[in-house]
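Before any comments, here is the structure.
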Amino acid sequence: MDNYQTKNISNLLTSLCFTTLLILAPVVICTRQHRFDSPKRSLLANEQDLVTGLPGQPDVSFRHYAGYVPVDESNGRAMFYWFFEAMDLPKEKPLVLWLNGGPGCSSVGYGATQEIGPFLVDTNGNGLNFNPYAWNKEANMLFLESPVGVGFSYSNTSSDYQKLGDDFTARDAYTFLCNWFEKFPEHKENTFYIAGESYAGKYVPELAEVVYDNNNNNKKNGSSFHINLKGILLGNPETSDAEDWRGWVDYAWSHAVISDETHRIITRTCNFSSDNTWSNDECNEAVAEVLKQYHEIDIYSIYTSVCIGDSARSSYFDSAQFKTNSRISSKRMPPRLMGGYDPCLDDYARVFYNRADVQKSLHASDGVNLKNWSICNMEIFNNWTGSNPSVLPIYEKLIAGGLRIWVYSGDTDGRVPVLATRYSLNALELPIKTAWRPWYHEKQVSGWLQEYEGLTFATFRGAGHAVPCFKPSSSLAFFSAFLSGVPPPPSR
């Protein structure tokens, strides 16, 4: 999900879209970063990051590591990761980097402990439960809190936080990978994938492009450094602002969240392909009406009861971003909506990760000088300084480069709904390889799937924004299919 607040609506929401220049993939040269104060940890000493004695952790046979990797020595910038080895054959199985969106939301708080990690946060943040559908059954899983300012990731230079945007985030994530592989050289040759959901629909292809370009440049320049990137996996992803907005509105109307009249006004007054759309007061008011209706339900899972009193939900709907704000950007930008699923588990995660014993065990702090961990950083969200309006050109580039791209969508998500994703993918005009069909898991229809030349798209029937929260078993099966490159079964 910039530093843009537009009249009325831009402060009522904040969101899917911005309209800045399409970033070119930056070329980043991997150089070894030396340690700096806090944390004082050698890049090669991964054993110092081995997690032992995590409070409430179930007994497991695999190893996991957590800690900081520096990405800018001079500015004192470091990123926090949590890495889970595959449950068996970790040296042979793929390595998958998982990113959550926001921008400003934690992949540790969401992906690792609410969705696909082996330890799910317990009720009231008292401990952890083993996840029988953890994705490290199939791969080594690396969770990164990105960019700095998210979760435990930090910078000692305050001006860094004013630069946060897509380009900055992709560069830092690539530098993180370079330095992380110095810590874990045994995984340098593993096949590598990047996965994520929501606003990571921007992060993932942008980072993949940086990796892809640097691999090619390193090869031309005779460098031996190479990240073995094979593909990307995207869940309910923000993709192309114009199509995402249109799909967001059409989904709300087709699922009876908004009235015919509201839909008609938006259709008539909102040109989501135009930079000037948000200067239209009638459009702003109609879009605000959509948000008003979504305020009453869970936008991330429209048929799920809301968590009354949930802090993340309250901060989203009731904070300053949802009220008028006197700051008007000189360049009108579209509003943004916070990404990430917000059930009561958000509060439990906040309690758990602010415990002194947990932070010490994860090497996030010394257990005395505690970090103030939050699942989403609203300052990052409100001050994002550059978002790619569409990553579809990156899709085209990666497809041409032979990388695997799979996209999935939970069909009860109102935040980045299935219609938005279908509109975005249709804009690519890819040839259809296999026609629309159901796909099955445990003899039941899990969703529908269509294969294009270079891309596979699937839906999850009855799943919300964070698909693995709703369909853990079928999402694990789908993940396994993605890694194999073979679509899930077309019959019972």
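Backbone N, Cα and C define each Cβ position, glycine as well.
According to Swiss-Prot, the signal peptide annotation covers 1-30.
Annotation source Swiss-Prot lists disulfide bond at Cys105-Cys376 (among others). The Cβ neighbour count for Cys376 (disulfide bond), using a 10 Å radius and every protein chain shown, is 26.
The Cβ of Asn156 (N-linked glycosylation site) has 15 neighbouring Cβ atoms from other residues within 10 Å, across all protein chains displayed. Look at Swiss-Prot and you will find Asn156 (among others) tagged as N-linked glycosylation site, backed by sequence analysis.
Secondary structure at Ser198 (active site), as computed by DSSP, is coil. For Ser198 (active site), other Cβ atoms within 10 Å of its Cβ number 32. Taken from Swiss-Prot, the feature active site applies to Ser198 (among others), supported by sequence analysis.
Residues or ranges marked as N-linked glycosylation site by Swiss-Prot on the basis of sequence analysis: Asn221 (among others). Other C-beta atoms found within 10 angstroms of the C-beta of Asn221 (N-linked glycosylation site) number 9, with every protein chain shown included. In three-state terms derived from DSSP, Asn221 (N-linked glycosylation site) belongs to neither a helical nor a strand segment and is classed as coil.
According to Swiss-Prot, the disulfide bond annotation covers Cys270-Cys283 (among others). Of all Cβ atoms in the shown protein chains, 21 besides its own fall within 10 Å of the Cβ of Cys270 (disulfide bond).
Residues or ranges marked as N-linked glycosylation site by Swiss-Prot: Asn271 (among others). Long-range Cβ proximity for Asn271 (N-linked glycosylation site), meaning a same-chain Cβ under 8 A and a gap of 6 or more residues, is found for Thr277. Annotation note: Asn271 (N-linked glycosylation site) sits in a coil segment as assigned by DSSP.
Taking the Cβ of Cys307 (disulfide bond) as centre and 10 Å as the limit, one finds 17 other Cβ atoms among all the protein chains shown. Cys307 (disulfide bond) falls outside any helix or strand according to DSSP and counts as coil. Residues annotated as disulfide bond in Swiss-Prot, with similarity to another entry given as evidence: Cys307-Cys344 (among others).
Taken residue by residue with DSSP, Asn372 (N-linked glycosylation site) is part of neither helix nor strand, so it is coil. Sequence-distant neighbours of Asn372 (N-linked glycosylation site) (same chain, 6+ residues apart, CB-CB distance under 8 A): Asn354. The N-linked glycosylation site feature in Swiss-Prot is assigned to Asn372 (among others).
Positions annotated as N-linked glycosylation site by Swiss-Prot, on the basis of sequence analysis: Asn383 (among others).
Feature annotation from Swiss-Prot assigns active site to Asp413 (among others); the stated evidence is sequence analysis. The Cβ of Asp413 (active site) lies under 8 Å from the Cβ of Asn236, Tyr300, Ser301, Ile302, Ala463, Gly464, His465, each of which sits 6+ residues away along the same chain.
Among the features that Swiss-Prot reports, active site is placed at His465 (among others), with the record citing sequence analysis.
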Open item on the list: At 10 angstroms around each C-beta, which of the disulfide-bonded residues Cys105, Cys283, Cys344 has the fewest other C-beta atoms nearby?
Closed with: Cys344
Task: Using Cα positions only, nearest of the recorded positions to Cys270 (disulfide bond) (Cys105, Asn221, Cys344) - done: Cys105
Open item on the list: Can you tell me which of the recorded positions Cys105, Asn156, Asn221, Cys283, Asn383 is spatially closest to Cys344 (disulfide bond)? Compare CA atoms only.
Closed with: Cys105
